[in-house]
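S.K.: Before we start, here is the structure in question, set down as structure tokens.
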Amino acid sequence: MAAVDSFYLLYREIARSCSCYVEALALVGAWYTARKSIPVICDFYSLVRLHFIPRLGSRPDLIKQYGRWAVISGATDGIGKAYAEELASHGLNIILISQEEEKLQAVAKHIADTYRVETLVLVADFSRGREIYAPIREALRDRDIGILVNDVGAFYPYPQYFSQVPEDTIWDIVNVNIAAASLMVHIVLPGMVERKKGAIVTVSSGSCCKPTPQLAAFSASKAYLDHFSRALQYEYASKGIFVQSLIPFYVTSSVTAPGSFLRRCPWLAPSPRVYAQHAVSTLGISKRTTGYWSHSIQFLFAQYMPEWLWVWGANLLNRSLRKEALSSQA
């Protein structure tokens, strides 16, 4: 018993002498927990404030806020077409730009008949480079361009290793993804500055968050658009221009054609129409957003996860999408 009592007394003495260290470790643990938890709580609040609260109120008057006409590039498919329809539902006149005249005319007629707004179509193949911009500049001259949506984009046929990407596709990514957005902004921006109002929305991609294997050139071009938009916002916010970098993840579009798994999860990959309804509600509120609540959750995971985990997940998903695309071609 004496040995037991001696051990118990020794334990109490050690515990008493270490109590200050235990308290210090508890404080460090509390500080670390708060440091990790507070940003997550703030991000969750921002998600609710951005994606849900604005949709509870009345629709904003986009014509009064920005101007009467909206220009949308890449307007015959996917997000571009849906965004054009959503802006038309707010009463804006729509200028549609794409390379497929027949589809342009069909979309323009549908928008004009459905929403009773004016429409104008401009046929332009952005992959042809510099020569196409003079006619666009002339067509937009003296118009009250309130909103520009840069959605035109070139995409891989399916995820591929860079050495397997056709050279024409690489040039398309440079001319369509990078040059088109830059020059369209250069065309409409002077008029917006003169009127002291306007909005520029440039559609980037969730693949710009971190290096994305098997979409190397595409994700790099979208990273350019993200940085370009954010820099423009700093340059022109004081002049009344709102610039938004829109960073969607997958939508169920014929342009991106996600695999069957994503098509079975509409909350992960919404339809272009649902996506556009949510994205337009963030206009004037967030300078950099995914545009859709579940995409914002995916973006938060991407921001907080280590790069090696992102690369592993991207490789896993893109291998699956490539395998599915190749098997459908066989």
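Keep in mind that glycine also has a Cβ here, set from the backbone N, Cα and C atoms.
The model shown is predicted, which means the values in this text are computed figures rather than measured ones.
In case it helps, Swiss-Prot gives these features for our protein:
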- Ala2: N-acetylalanine (MOD_RES)
- 2-82: region 'Required for mitochondria translocation' (REGION)
- Gly74, Ala75, Thr76, Asp77, Gly78, Ile79, Gly80, Asp125, Lys222: NADP(+) binding site (BINDING)
S.K.: For the region 'Required for mitochondria translocation' (2-82), what's the model's average pLDDT?
M.R.: 75
S.K.: Including all protein chains displayed, how many Cβ atoms other than that of Gly80 (NADP(+) binding site) lie within 10 Å of its Cβ?
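M.R.: The answer is 27 other Cβ atoms.
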S.K.: Can you give the largest Cα to Cα distance in Å, as a whole number, for the residues Gly74, Ala75, Thr76, Asp77, Gly78, Ile79, Gly80, Asp125, Lys222 that bind NADP(+) in the record?
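M.R.: Overall maximum Cα spacing for these binding residues reaches 20 Å.
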S.K.: Counting every protein chain present, what is the number of Cβ atoms, excluding its own, within 10 Å of the Cβ of Gly74 (NADP(+) binding site)?
M.R.: 26
